[in-house]
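**Q** Quick one: the structure is below, and I'll ask about it shortly.
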Amino acid sequence: MKNKRIKEDVQHKEWEKSLIKSKDFKKIFYYNQKTNVRFGLTFMATLIDENIIQDGILPNLLEEEFREIEDIKQLVPVADVQICDDPSLIEQKLLNGYVMLTVETELKHFGFIAAQKEIVRGLSQPEVEFSVIGPKEAFVESMGQNLNLIRKRLPVKELIVEEFTLGSLSKTSIAMLYMENITNEDNINTVRQRLTNVKFDAITDSSYIVQLISDNSNSPFPQLLDTERPDRVAGILAEGKIAIVVDGSPHVLITPTTLVEFFSSFEDYFLNWLLSSFFRLVRLFAVAFSILVTPIYVATLSYHYELIPKDLLSTLITSRREIPLPPILEALFLELTIELLREAGARLPTKVGQTIGIVGGIVIGTASVEAGLTSNVLLIIVALAALASFTTPVYRMGNTIRLLRFPFLFFAELWGLLGIVFCFCLLLTHLMRLTSLGRPFLEPIYPPRVTDMKDAIIRLPFEKQSKRPIFLRTKNPIRFSKKKAEEKKDIDE
Amino acid sequence: MKEQPIPERLQISPFLVFYLVMSMQIGIGVLGYQRIIAMDAGYDAWISILFTGACVHVIVWMIYKIGETVGGDIVTAHKYVVGNFIGKAICFIFIGYFIIYCLTIVRTFIEVIQVWMFPEISTFWFSFGFMILCIYIVFGGFRTVVGTAFFGLVLPAYLLLTFGWAIKFSNFYNLLPILDHSIKELLTASYHMSLSLAGFEIIIFFYPFIKEPKKSQKWAHLAVLTTTLIYTILAIITFAYFSEDQLSRQIWASLTMWKIVEMPFVERFEYIGIANWNLIILPNVCISIWVASRLIKRVFNIRQKVGVFFVAAAVLSVISFVDTRIKINMLNKYVGKMGFAFTFIYIPLLFAAVMIAKKLKKGKNK
């Protein structure tokens, strides 16, 4: 018998009316060679993998004995084959990359065969959270791949993956991950509630979710941690936190978080505890330095030059002797230049960006000093402050820190040192009022919890971390039994 | 009307009472209490500090006893003793007291700033900014207020070390001979000292906000003990640093002592000290605003937010009129007297009344 392939016009149904306008909508009819059953395949050509149709579906349906729709479960070698009789599902299935199979004799039933085309970027190294030691895998844009990376690291049945579809237009799949036997039930419910409450049409990245489900969307501080490291996600899931994977985004969200977590790099866990504690302290110092140093310069030189010892003062005066601008304008000029360079560098391709950085840094810096617009000392200070702000391991937090400098500058100009302390009080209050998933953001500093301090400003050795963080209120607060580890030995035993 | 218990998520851990009490006790007084107590008792005044500290412990014990008996704050205690209406009328006085207290602290701090840092700073605008900050804090709820107390104590704690520079130039023989003043002089000094150590009485206002209040009592006592020791040690250092004659001319002796601090990159340390003092003053003001607005809520049954705005507005509208050293001094004197009357006279009376009422009620039930 001959292989017949016919295209024909049928009466259009409701779901077809808009789809037929698209060029990639395909509807093709065939005859089975043995039973002569006429069947049709409907699909969106851009969404499906043609190889699956060519190799998996068509040969079997054309050459094997195919009589009714029920047969496809045996004939088609694809795992996801469904048969249903609800026409309202058709549109959604077609747009999710299914091939619809219809048989002339059974107009009430539709067969759906999954044939999605998966374009997955290969695994690459983490770029924002790069670490010298430790795994070099980073998340990609495919949710399936990302879930695979996480599940591989936690192969236990207690790891639950709950899926949601959000966005009236984008229909983005979002997965919420948690450990059933550890994570606090209230936290899970809150996240579930907030995700289902999201009202937005197109969710194209996890950053949308960050902004949509944050406790306080008017805060410059990120209240959800985003990471591109699967190992970090596995680590926090074991602690009892919740991870949110968004399809199409290479960043996974972590909640609830605390402020100190934004200053801890995951590399800290790969190093000896002494080293990692030292690096954490360096980072915290860098943050304080980065925020405060320019405002202090402005405050002391505008109001309190008596503060500076005589020898140092003469150095400062020499460098400022020919500057016509008051300290605040001088500082604003330089700070804005640095922001400009950073912004330009971030938008340009890497190689051009580097050039801009060097040209900007050296040429503009030197030129502005020689032109008498800024002093040498301030140039050093601003450059160091910018450098310090880049030590923050989480990119989002780094941005926040650069922004914070400006209100401090304003208050320094207004009330000198007093203004800096005043602005600090404002910042502190804001942080105290901030919550992440209803849990205090400043924990364990305030409310002070000594037991959670062991992995906050410093990180104590793993043997000391036998308990999960208190603020998560986990169902099972014990990570491992400490008794075995506690056999103390005397000298020479 | 049955009183609603405070939900647990709004309550604070018992040990936080330590920070609350201590940060309320340490305030603007630390900058210049040495001269006032040395006026009467001379360099024996440190004994008076210890004596006052001991008295404070007794009052703290009484406050906890009152709270335990009536199971609530001062409004509940008044209702327990004299009934709803008169009780609320008495509380009305305390609203006034805390507003004036708040006013005094802010104004005195601004005076320090004006004398030592910025002669030109506008009293109104600085207090305006300060009040906005306080409103922001109090709107965050009691937990945020306690947080302010915590940071207001922990962050500036390093300032204590800076008094160490003065030890190098101290002469501890100044303190000798010990006990060359009469008991009466020592008691007068104790009275003056009570103004600096006051502030612990706020426990009676936030008692229902403590999780397991019984456990917090030891923390309250520890806080009072620590404050007393800090005041005593600082007084001894001051007495050793200044001669008696010199001290009588130092209004802010602690600030003067900072002048000796010298570091390779900082001179005139008092600038940093005063700027940091902002952090220490903040909980004082916030707690008193919180207490006043809480009382307004309890007495008039209106939203606490309205109360906060009222308190801030009241302070702002008056503060510009207190513009000279004499007026500020007068304000301080009156607040001191009111504080003394409230803490050391009224609370023991209330304690006695509550105890009697308890006995009477027990008798009735039988």
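We number each residue from 1, going along the chain as drawn.
Cβ atoms here come from the backbone N, Cα and C positions, even for glycine.
Whatever TrEMBL says is automated annotation, not expert-curated.
According to TrEMBL, the protein has these features:
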- B:12-33: transmembrane segment (TRANSMEM)
- B:45-64: transmembrane segment (TRANSMEM)
- B:85-110: transmembrane segment (TRANSMEM)
- B:122-142: transmembrane segment (TRANSMEM)
- B:149-169: transmembrane segment (TRANSMEM)
- B:189-210: transmembrane segment (TRANSMEM)
- B:222-242: transmembrane segment (TRANSMEM)
- B:271-293: transmembrane segment (TRANSMEM)
- B:305-322: transmembrane segment (TRANSMEM)
- B:334-357: transmembrane segment (TRANSMEM)
**Q** Can you work out which residues elsewhere in the same chain, 6+ from the ends of the transmembrane segment (B:122-142), have a Cβ less than 8 Å from its Cβ atoms?
**A** 10, 12, 106-107, 110, 113-114, 148, 206, 209, 282, 285-286, 289-290, 293, 305, 308-309, 312, 315-316, 319-320, 323
**Q** Which of B:85-110, B:271-293, B:305-322, B:334-357 has the most Cβ pairs closer than 8 Å to the transmembrane segment (B:12-33)?
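**A** Top-ranked stretch among B:85-110, B:271-293, B:305-322, B:334-357: B:271-293.
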**Q** Please identify the stretch among B:45-64, B:85-110, B:305-322 with the greatest number of Cβ pairs below 8 Å relative to the transmembrane segment (B:189-210).
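**A** Looking only at B:45-64, B:85-110, B:305-322, the most contacts with the transmembrane segment (B:189-210) come from B:45-64.
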**Q** Are the transmembrane segment (B:222-242) and the transmembrane segment (B:45-64) close enough to be called in contact, which here means at least 3 C-beta pairs under 8 A that are separated by 6 or more residues?
**A** yes
**Q** Tell me whether the transmembrane segment (B:271-293) sits in contact with the transmembrane segment (B:85-110), defined here as at least 3 Cβ pairs under 8 Å among residues 6 or more apart in sequence.
**A** yes
**Q** What stretch, picked from B:45-64, B:85-110, B:149-169, has the most CB pairs under 8 A with the transmembrane segment (B:305-322)?
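**A** Looking only at B:45-64, B:85-110, B:149-169, the most contacts with the transmembrane segment (B:305-322) come from B:85-110.
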